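Student: Input: one structure, supplied below.
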Amino acid sequence: MSNLLDLLVAGLATGAIYALVAVGFTLLWQTSQTINFAQGEFVMLPAFLMLAVMHAGAPFWLAIILGILLSLLLLGLGFKLLLVDPMLRHGVLPLAIATMALAIGIKEAVKQFFSAEASPFPSIVPAGDVSILGRVVSLQSLGVLALAIAVVIGLTMLLNRTSIGHQMQATAQNPTVARIIGVPVERMILLTFLINAFLVALASLLITPIYLAKFSSGEVLGQAAFIAAIVGGFNQVRGAIAGGLLIGVVDNLAAAYVSTQYRAAVPMVLLIVIILFRPQGLLGRPEERTV
Amino acid sequence: MTINGKYWRIALGLAVIAALIIVPMNFNRYGLYILSQWAVMTIAAMGLNLTLGYAGQVSLAQGAFVGIGAYAAAIMTTQGMPLIAALGVAIVLCFAIGWILGYPALRVQHHYLAFVTLAFSTLAFLVFRNEDWLTKGIYGISGIPRPNVLGFATNRPLPFYYFCLGSLAIVSLAMWWLIRSPWGRAFVALRENPVRALSLGIDTRRYTLMAFAIGSALGGVAGALYAPLTQYIDPVPFNLSLSLDLLMMVIVGGSGFFFGPFLGAMIAVLLPEWLRFTQGYYLMLYAIAVMLLLIYSPTGILGILDRYLAERRTKAASALRAVTKSRLETAP
């Protein structure tokens, strides 16, 4: 019982990062039917971009800003213009396969141009512990959790309270009608790609200090984000958030109470059960099947 | 296709088969290993092509079935049983598991199905890694013997390559027959319009499960050949990326085309080898090549050919129409 609280806090912290990645993933799916199999690599890359800037002698804060800008450019604009736009009209599957190839490409590029070894990455949250109600809790976990929650709240406000958010939702729900009533659909789709790039860059910044920067770390992250998105609901932003938190907690509890060997199996079983009995996800709404 | 075209096709087919038999004769050990691997991966990709290309069910679990087949073969042959028995077990096992895995496909489609099968892949990998008593875990199973086929030992690379090639030929013929049978047509009907297929009296439930089961069984066949090919297996080659690779092979070659898996496996197995002279860059170049190909032709390599032939046919037809029309107009 004593370490349950620690597990919960750590689980919520990783879960909040998964949620950021999963939200970006569902946004891409909603506005442009892109299943991004490279989403995990998208999280891995910004950390290396920041490290590269730091190796050039820049201070950490500058590296963060430049890293995020580069992510927006490469993973947002570049991804959309060079890969998604030419392929979108050919259906979901070829594009999904192309993103798998992109995942290999990013991984290999990092391995080749940077390093095959894991590199340490500075944390933006100071290390140390604080005591809350007599319990010692890692400051890093709390900081990550707080930052991720702030971003998620900000994003939800953007989507639900602002005109741009409403236009984005209209684009996601019905692009044709959205276009008719005057929503600049193309610009909204580009905006979701930029938001996704921002979210993965932020997730990268938060998770890399915990797991080190390594070219192969995207695989685990990408899968966690997929599962979070599906479990929570593929077509709902709040679903992805709930799914991310749930997967983070379940993953941590499974490691402690089930077995470390089959730790990875628990989220998978959860995924299969959810898909079989509630395919729209915990918070999702059913998708009509097209004939 | 005119009679002339048919002869050309048969001649081309024979030439390719002859080349596959004769050219590797003076290949070195590594070259033969790669070619054998191509034959094995083609079989696995063919199975996936049946599930995905013909029946339209996305599966990210084919790599897991290759793993199941490989472990069945490795465990049984190292216990002294013949490979043919292991092959039988691999087929039955994968068929049964594939059938069960097909059940989600009855409820969910497309990306959901992809994720169920993805989860299955990961679970299978965990079982390979963690069940030490059966699979020897991360240490793997070594010393897998190669079989005697019709009295010939296949220990040396060349005979084993012929064994793989022969297996590929048998599987190809069976597949050729299958997709031309009423079953094959039912699979296509399932892909094109499941509701209409149902209304025409096709038992879509049974055919969906069947497409999964047969496709998975072929994955098992490929695995049962993979184990004696490498003679050592551990869980790593059967992780999710093998399933993704196989899916890529099918799409890149041309999903739903009979020869798609052959070309796709060639790209996925041989292209990285050809690019090896670029050293560290070869997988990167491979990834870029795949993306460029898919941007140019989302239906894969055979899609390009198909488009070209269709264009030529349209042109020929419209030329014919123009001629007939002008004749009609000049006629009194």
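Quick reminder: no glycine exception, Cβ is built from N, Cα and C everywhere.
Owing to the predicted nature of the structure, the values given are computational and were not obtained by experimental measurement.
Annotated transmembrane segment per TrEMBL: B:7-27, B:33-52, B:59-77, B:83-103, B:110-128, B:160-179, B:207-226, B:246-271, B:283-305, in sequence order.
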Student: With a Cβ cut-off under 8 Å, give me the same-chain residues at least six positions beyond the ends of the transmembrane segment (B:160-179) that come close to it.
Tutor: 20-21, 24, 32, 35-36, 39-40, 42-43, 46, 50, 54, 146-147, 149, 154, 187, 214, 218, 221, 225, 228-229, 258
Student: Using a Cβ-Cβ cut-off of under 8 Å, list the residues of the same chain that are 6+ residues beyond the ends of the transmembrane segment (B:246-271) and lie near it.
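Tutor: Same-chain contacts beyond the ends: 34, 37-38, 41-42, 44-46, 48-49, 52-54, 58-60, 62-63, 66, 175-176, 179, 191, 286, 289-290, 293-294, 299-303, 306.
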Student: At a C-beta cut-off of under 8 Å, are there same-chain residues at least 6 beyond the transmembrane segment (B:110-128) that contact it? List them, or none.
Tutor: 57-61, 63-64, 67-68, 71, 101, 104, 135, 235, 238-240, 243
